[in-house]
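Colleague: One structure follows; several queries about it will come next.
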Amino acid sequence: MEKNTFWRIALVLTLVAVFALPATPFAMEKPNGFPNRPMTMIVPYGAGGGSDQLARAMATALEKVVGVPVKVVNKPGGSGVAGLSDFFMARPDGYTITEHIDDAATLYASGVIKENPSEDWYPACIAQIAFSQIYVRPDDKRFPDWDAFVKYAKENPGKIKLANVANVGSMERVVTSLLEDDQGIKLTQVSFDKPAERYGALVGGHVDALFEQPGDVRPYMESNDMKPILTILNERPKAFSDVVCLNDIGAKFKPLFRFRGFFIRKDVPKDRQKYLEWALKTAWNSDEFQKFNRKKYMHLINSYRDIEGGKVLVEETVETYRKMGVKK
Amino acid sequence: MENLWIGIVSLFGDPIALLLFFAALVAGLLFAALPGINMVTLGAIILPFTIYLEPSQAIMIYGVIYVAGTYGGAVMAILFNIPGSAENAPTALDGYPLTQQGKAGLAIGAAIVSSSLGGILATILMMIAAPKIGRWAIHAFGPPEMFALIFFGLNVAASVGAETFWKGWLSVMLGLLLACIGTDPAGGLTRFSFGTYYLLAGIHFIPLILGFFAISEVFVQGEKMVTLKYKAPKVGLTFPSFRDFWNMKICIIRSWILGFCAGVLPGIGATLAAFLSYNEAKRWSKHPERFGKGELEGVVASETANNAATGGAMIPLLALGLPGGAITAMMISVFMIHGMEPGPLIMVRAHALVWELFVAMFLANLFIFFLGYLETRTVVNLLKIPFRLLCPIILLLSTIGSYALRNSLFDVWVMILAGIAGYFLRRSGYSVAGIILGVILGKIGESAFVKAIIIIDYSWLGFFDRPVCAVLLVGGLVTLGWNVYSSFRKRSTP
């Protein structure tokens, strides 16, 4: 009897915890009234791109949680470096946060920046974690699927031109070289810094394949201008159940992800860090933000991390890049 | 025709849309008229608010701002030598001298008519053939063709605004050198960054334009004040006559074609369009020596082209979801904010929206004609402001404009340094317009070249396997050769 009650209470508590945790936005108290004036969200990339879209969606949701305006400021340039100088120069009072992506890990691993993105500044929230795919034109007779692609690449080494953002040490370049080594093929990577040019190059027939995340090229898949032939994940996600994944092709490397999040500095007071972590999580969970993220295919894998989880993600990424010999 | 009707009904059937149309038109004109603070600034400011609007209204606003802003930049370029943005820079080359000769009304009148005409024709073509042209453009123009076009454009840059052919090329080279600063487009490696984060992003052309044109002009006029040579320009209200335009009909048609074609290519856009057609106007003119000293045809050429390019730029955006510049990139954001994915299907899925945009852009061009006429009557009177008051205003606005670009003081310093350098460069016959075009084309050109050379497997002859590419490269080489030849001939027979 005694035991039974114990289990019953335990069950109730677990159920409450399970249902309450993700959903309840029971308002956390503002630490000493923080924030009581408008906040600044730096976006180190240009208006209109993936980072900008995410930041604006998050800012709108965040404003409702914190009750003060969140001003988005684009400071593009140098693979996300230019905006950082202002981020590090601002007062560490928690009023200035910056959006950043896995480039932060690249920049640190390659020595372009000195500030460690998992120690000196770190994500208060990772809001998007995206897997990549390889796309080709649906009317390209040479390679209708991945097997044909590999066969063609083996017969014509270096002949296949793959469009991506191949900055030295970028996620794209690292994954492509892992894939090349694993499959014993040789591709020629063509780096396109502007997404519009990258997509235009594949659709217009100037390159043969494209390395991209599905959320960014969704319209081109729907209009049948592009189709995925490989998902760079260990398992096939539901939305792409007819596309082969890493396990299917026997690849033995761990997939790397494109992630985007919101970073704070370590010298921001701890109570404010906790508050920001909570506020960003609540905003992330809001219906309107979830609607946005769903459109970007962010529901296929868990794409949220808190401070601790975010630090681990960044750390692991830096480590992988270091191992790959990413140097300046 | 039915589509056109849908567009007209959705614009005029909605009083709020109509109100927004006029608000965007006036705001675009005003923002473009302030140096440095241009339509891109306006677009960025209103972006978060578009969420409260209907998607069609939001997109329509941006189309109207784009049209109005591209024309509006010409006014300040003509009156005060301050191009609102890069595509108005060639307008200043002849527009400002006209103002100094007391013919401001003539220049602005020409800018209005040619902007409006160029824009109207471009929107009509856009309505007829957007999807087809869009597909054609991305197939025909890959990175090798882009590079070839830039190479051709560099020849143009060298012959705009400099005293001699050699000084023109030196100006362009300086621009190309400045374009090297920052992160290279091939592998993301740093060049000339001296370890600062600011230089990693490179030197942006907006502070350069403000420095080279506006700040250095303040120095030039200030010097005249000190040496007591300053004479306030007369306020001229004479408008160009119909005959003036009839005489320039060939120039208008040529500039319109160049402008529209350049606009269609993502990433090339209005700036190269304006410079190309300015240069072609000069090349085909019977009096090329008058250019740069107040030739009306120069104003007409560049303004026709840059407004024709706005129509062109909508094509890759709407047909394929590929933005070519800052404003079109913001339109992508607007689509996204409203939960629409811009892409090849947008013309099918958001049929009414697209046609409302077309109609709005068409009308905006038409209204420029009337509003511009009124604006000219009033705005020319700005010239009556005494220089000692005008000078600090120009300095203030240019500073704000440079800062607003990336919210960074670094760009303000770039502007001040460019102003000082520009003062000396202009005195010694170098072309500041050439330097700016060098910076802009250098960045796009290098990025196109590194992609192109990989795509053609590192074989130089590969450029000539592609017909469009070969024509442009040969055209560029012939122009270069001819210019070298004639500059030597001029020297040997003084």
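Each residue, glycine too, has its Cβ placed from N, Cα and C.
For reference, TrEMBL lists these features for the protein:
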{"type": "DOMAIN", "residues": "B:18-437", "note": "domain 'DUF112'"}
{"type": "TRANSMEM", "residues": "B:20-47", "note": "transmembrane segment"}
{"type": "TRANSMEM", "residues": "B:59-84", "note": "transmembrane segment"}
{"type": "TRANSMEM", "residues": "B:136-158", "note": "transmembrane segment"}
{"type": "TRANSMEM", "residues": "B:164-183", "note": "transmembrane segment"}
{"type": "TRANSMEM", "residues": "B:195-215", "note": "transmembrane segment"}
{"type": "TRANSMEM", "residues": "B:256-278", "note": "transmembrane segment"}
{"type": "TRANSMEM", "residues": "B:317-340", "note": "transmembrane segment"}
{"type": "TRANSMEM", "residues": "B:352-373", "note": "transmembrane segment"}
{"type": "TRANSMEM", "residues": "B:385-403", "note": "transmembrane segment"}
{"type": "TRANSMEM", "residues": "B:409-425", "note": "transmembrane segment"}
{"type": "TRANSMEM", "residues": "B:432-456", "note": "transmembrane segment"}
{"type": "TRANSMEM", "residues": "B:468-485", "note": "transmembrane segment"}
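Walk me through the surroundings of each of these features.
Modeller: Beyond the ends of the transmembrane segment (B:20-47), by six or more residues, the same chain brings 11, 53, 57, 60-62, 64-73, 75-76, 80, 82, 84-85, 206, 210, 214, 326-327, 330, 333-334, 337, 360, 363-364, 367-368, 371, 375, 379, 394, 397-398, 400-402, 404-405 to within a C-beta distance below 8 angstroms of the stretch.
Only residues 6 or more beyond the boundaries of the transmembrane segment (B:195-215), in the same chain, are considered here, and those with a CB under 8 A from a CB of the stretch are 35-36, 77, 80-83, 85-86, 89, 92, 178-179, 181-183, 394-395, 398, 401-402, 405-406, 408, 410-412, 414-423, 425, 432, 435-436, 439-440, 443.
Within the chain carrying the transmembrane segment (B:256-278), a Cβ under 8 angstroms from the stretch's Cβ atoms is held by residues 70, 85-91, 93, 117-118, 121-122, 125, 133-134, 137-138, 141, 146, 149-150, 153, 156-157, 160, 291, 298, 301-313, 315-316, 322-325, 433, 437, 440-441, 444, all 6 or more beyond its ends.
Remote same-chain partners of the transmembrane segment (B:385-403), defined as residues 6 or more beyond its termini with a Cβ less than 8 Å from a stretch Cβ, comprise 34-38, 41, 80, 82, 206-207, 210-211, 214-215, 217-218, 221-222, 225, 230, 232, 409, 411-412, 414-415.
Long-range neighbours of the transmembrane segment (B:409-425) within the same chain, counting only residues 6 or more positions beyond its ends whose Cβ lies under 8 Å from a Cβ of the stretch, are 171, 198, 203-204, 206-208, 210-216, 218-220, 398-399, 402-403, 432, 435.
Outside the transmembrane segment (B:432-456), and at least 6 residues removed from its termini, the chain residues within Cβ reach (under 8 Å) are 86, 89-90, 92-93, 142-144, 146-147, 150-151, 153-154, 156-158, 160-162, 168, 171-176, 178-180, 184-186, 202-203, 205, 208-209, 212-213, 216, 267-268, 271-272, 275, 422, 425-426, 462-463, 465.
Within the chain, the transmembrane segment (B:468-485) has long-range Cβ neighbours (under 8 A, six or more residues past its boundaries) at 140-141, 144-145, 147-149, 151-152, 154-155, 158-159, 165.
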Colleague: Honestly, do the transmembrane segment (B:59-84) and the transmembrane segment (B:317-340) touch, with at least three Cβ pairs under 8 Å and pairs 6 or more apart in sequence?
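Modeller: Yes, these stretches are in contact.
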Colleague: May I ask for the residues of the chain that lie six or more residues beyond the transmembrane segment (B:352-373) and have a Cβ under 8 Å from a Cβ within it?
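Modeller: Sequence-distant neighbours of the transmembrane segment (B:352-373): 3-4, 6-8, 10-11, 17, 21, 24-26, 29, 55-56, 59-60, 63-64, 66-68, 71, 108-109, 111-113, 115-116, 119-120, 123-124, 126-127, 307, 310-311, 314, 318, 346.
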Colleague: Near the transmembrane segment (B:164-183), which same-chain residues lie under 8 Å Cβ to Cβ, leaving out any that are not at least 6 residues past its ends?
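Modeller: Distant Cβ neighbours of the transmembrane segment (B:164-183) are 154, 157-158, 189-193, 199-203, 208, 425, 428-432, 434-443, 446, 483-484, 486-487.
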Colleague: Same chain only, please: residues at least 6 beyond the ends of the transmembrane segment (B:136-158) with a C-beta under 8 Å from a C-beta of the stretch. Say none if there are none.
Modeller: 165, 168-169, 171-172, 175-176, 264-268, 272, 275-276, 279, 315-316, 320, 322, 433-434, 437-438, 441, 444-445, 448-449, 451-452, 455-456, 462-463, 466, 468-470, 472-473, 475-476, 479-480, 483
Colleague: Taking every residue in the domain 'DUF112' (B:18-437), what is their average pLDDT?
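Modeller: It averages 85.
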